[in-house]
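Note sheet for the following structure.
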């Protein structure tokens, strides 16, 4: 079939529509993972405070609305404006709203992580203030970009917001790395010397490192794509994933608590029923009075000792207020 008059024989959209398509498809897959993780969170028995449960539900609603925006972005550029290259130069409103929703969702999740860091650090004002300050800065710059972007006529004018784009990418990446490093350091210093407790801490550190690095890498990739390729949509493909990756990382840590709690709640029992005769009887020669008065005192004695982990009902960063956490001898909450 011959090409319509005025159109080139081949039109390539790999770095524009292709990037949006891949980013949108992966984002919708992540939304499905978010739904599964949220369902798992609410169906498992827990004693989380009501405010945390409400916030998780709100984040799911926010992520669902963001997914609807992703669908609108793809439909606008790939269906409504099919083979209309001029439309690719004009920002659609759903892209601009997506920027604000990403900044808002990430800020809420970072605030939750900051609360956990505050508890783990035993009230460190400096560390918590640092994370909150750069998180607020990221939210503010994201909001400013959204407001100013509504005044743009084409994506070519996005160059006037380049400095703000660099700043918001830097604040976002910096806050993500700060949260991951702070949690790893605090968890490492929370080791108690007990095998089960330390094993749980290692699992939490792996969760923190893996999820934190994935989010930071996506943010860094988006920033580098915008710096070196500002005239295509590759950076938007990465940006569509950012809030969903962060939300899933937080939900993963929430759902991991139940499995870890079950592992830590199993008591360890030691039965000393096969002790040798010499260690299970009284020394009659060294205690003649006892042997004379109590002829049965020299009988073999069976000893059974059950060792249970202690339970500290302090408010901690992993389980939240009103919940119990299994801890080691020092009584240090995880």
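Heads up, the Cβ atoms here are built off N, Cα and C, so glycines get one too.
Just so you know, TrEMBL annotations never went through curation; they're auto-generated.
According to TrEMBL, the features are:
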- 175-258: domain 'DUF6534' (DOMAIN)
- 20-42: transmembrane segment (TRANSMEM)
- 54-78: transmembrane segment (TRANSMEM)
- 90-113: transmembrane segment (TRANSMEM)
- 125-145: transmembrane segment (TRANSMEM)
- 165-187: transmembrane segment (TRANSMEM)
- 199-217: transmembrane segment (TRANSMEM)
Whole-number mean pLDDT, the domain 'DUF6534' (175-258), equals 81
Are there residues at least 6 beyond the ends of the transmembrane segment (165-187) whose Cβ is under 8 Å from a Cβ of it, and what are they?
103, 106, 110, 113-114, 116-117, 120-121, 127, 130-131, 134-135, 137-138, 141-142, 145, 158, 201, 204-205, 208-209, 211-213, 215-216, 219-220, 222-223, 226-227, 242, 246, 334
Need a quick answer: max count of Cβ pairs under 8 Å to the transmembrane segment (90-113), which of 20-42, 54-78, 125-145 is it?
54-78
